[in-house]
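Q: Below are the features listed in TrEMBL for this protein:
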- 112-140: domain '4Fe-4S ferredoxin-type' (DOMAIN)
- 7-26: transmembrane segment (TRANSMEM)
- 32-52: transmembrane segment (TRANSMEM)
- 156-175: transmembrane segment (TRANSMEM)
- 195-222: transmembrane segment (TRANSMEM)
- 234-252: transmembrane segment (TRANSMEM)
- 298-318: transmembrane segment (TRANSMEM)
- 339-357: transmembrane segment (TRANSMEM)
Amino acid sequence: MPRYLQNVWIALLMFMGLAWLELGMGVTGSPVITAALAVFMLVLSVVFLLVFERKAFCRYACPVGRTLGFYSRLSPIAVRPQLQSTCDSCKTMECYHGSQLIEPCPSKLVVGRFSENTNCLSCGNCVLSCPSKNVSWQLRTMDNEAKKAGTPGWDAAWFMLLLLGITSFHGVTMIPQWGEWLQQTAAAIGETGQYYFSFVAGMLASSALPVLVYGIAIAAANVGGQGLTSYRKLFGGFAFTALPLAFAYHLAHNMDHLLREGGDVLRLLINPFGIGIKPLTSVERHDLMMQVVAPESVVFTLQAGFMVLGFWLAVQIARYQARRLMPGDGIAIRLKMMLPLLAFFAAITAGNLWLLAQDMEMRF
Ligand code: SF4
Ligand code: SF4
């Protein structure tokens, strides 16, 4: 793949585009358009497979693959060598080439030579193919990888930050106030009928707001750090802190979905072909989803727990990144640098907690 395409800008554009199609255009309500989109993604991935090497579509273009790839950097379980020295002296590299019985690594990774979980699918091929039995799934802390990571490129930094913005925006579109805000925006720009432009304006503003606040926090951190590290390095290095904040909200939001819609899984398993079942009306569907299997207070307490975890991980990653970015400087300078970031984490966490505390309006 040419170097100018070896970044995640395409994945980021597709991620924003799919979010717009789902939330703004409601395409998931149409089986035909949903199927057409799935076919489009399939064709695109096949074209990438035919033209480029090393699973280029998954690495650089797939919005789902990249979202999972970034989140996997927080995974508490990772495939790693037991002894680094064994991999260092290995000449045969069955994990990469495969063995007689086991397929090669589908992501073309050599165990012992990668430190990022991003492209590892945890398929376990290398665990089986390594003749030295040197590979295993290992436990680690959730901040282990992000706190040690180097400064990412602009593309990865923007992906992590917009992941945070879009994730929260997804929640914004489900609260009762969203319709009102959309109407106010439409009135302000004189839009009537379908609020396409108002939606795009709301989506861009809502997604960009966390990035803007982050950018201001980084500028303040730069001042606190007496300008000893460049703005670009601080912007990239601290962007990893957006990952746990986004992941925490993602988990908290989807836990609510799971508790409301999880019953459907059981009904599906009991009657997979829906024999004798009539389609529900929107009202019936809404009523069904309002029946949460646990009391609202318990659900919110669990959600708040996720948010606290996200905040704590962000602080840990920021601490280590501050030390990496300004290794020779004293605690006082690093503290001054971190204060604006702590304010940013607190603002995002408070905003997301507020979102979680609102009623959710389900989309059908
Ligand atoms: S995992 Fe096994 S096969 Fe792969 S480099 Fe290490 S020792 Fe060699
Ligand atoms: S678990 Fe699978 S994807 Fe990950 S390094 Fe091993 S073979 Fe490759």
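Quick reminder: no glycine exception, Cβ is built from N, Cα and C everywhere.
Annotations in TrEMBL come from automatic prediction, not curation.
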Q: Taking the domain '4Fe-4S ferredoxin-type' (112-140) alone, what is its mean pLDDT?
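A: Within the domain '4Fe-4S ferredoxin-type' (112-140), the model's average pLDDT equals 94.
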Q: Taking residues 6+ outside the transmembrane segment (7-26), which of them lie with a CB under 8 Å of any CB in it?
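A: The answer is 37, 60-63, 65-67, 153, 155-156, 158-159, 162-163, 166, 169-170, 173, 196, 199-200, 203, 207, 363.
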Q: By a Cβ-Cβ criterion of under 8 Å, what residues six or more beyond either terminus of the domain '4Fe-4S ferredoxin-type' (112-140) are in contact with it?
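A: The answer is 55, 58-59, 69-70, 72-73, 75-84, 86-88, 90, 92, 94-95, 98-99, 101-106, 148-149.
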Q: I'd like the per-state residue tally for the domain '4Fe-4S ferredoxin-type' (112-140) from DSSP, helix first, then strand, then coil.
A: 5 helix, 5 strand, 19 coil
Q: Six or more residues beyond either end and a Cβ under 8 Å away: which residues meet both conditions relative to the transmembrane segment (156-175)?
A: 7-8, 11-12, 15-16, 19, 23, 66-67, 70, 202-203, 206-211, 214, 235-236, 239-240, 242-243, 245-246, 249-250, 253, 348, 351-352, 355-356, 358-363
